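Listed features, source Swiss-Prot:
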DISULFID  Cys42-Cys110  disulfide bond
DOMAIN    21-113  domain 'Ig-like'
CARBOHYD  Asn43  N-linked glycosylation site
SIGNAL    1-20  signal peptide
Amino acid sequence: MLLLLVPVLEVIFTLGGTRAQSVTQLGSHVSVSEGALVLLRCNYSSSVPPYLFWYVQYPNQGLQLLLKYTSAATLVKGINGFEAEFKKSETSFHLTKPSAHMSDAAEYFCAVS
């Protein structure tokens, strides 16, 4: 069983009081069996078209960009087999990986800009 830490974050960005954006990650700890599907949930709120990001922080390392959505295809493929699907109607950008590996044990962060 590997443990994926998903810090519960609510990040709010405001520019000049006219654009408010936030992300919410559900669940603070996610345990996944090796070989099982990984699903990390991220919902966002934005008054403008969002740019969405997933970052990972492995033990004793800095943040690393996994993938980003900037307005192209709704399914975004990232590094190490991770992908996320932008769903505007559900205001979601959930991170998935078909098969978890022990090396995936880390902290994952969703962000909006």
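Using N, Cα and C of the backbone, Cβ positions are placed for all residues, glycine too.
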Rounded to the nearest Å - Cα separation of the residue listed as 'N-linked glycosylation site' and Cys110 (disulfide bond): 9
Local Cβ density at Cys42 (disulfide bond) - other Cβ atoms counted within 10 Å: 24
Within the domain 'Ig-like' (21-113), residues counted as helix, strand or coil by DSSP: 9 helix, 50 strand, 34 coil
Neighbouring C-beta atoms (10 Å sphere around the C-beta of Asn43 (N-linked glycosylation site)): 17
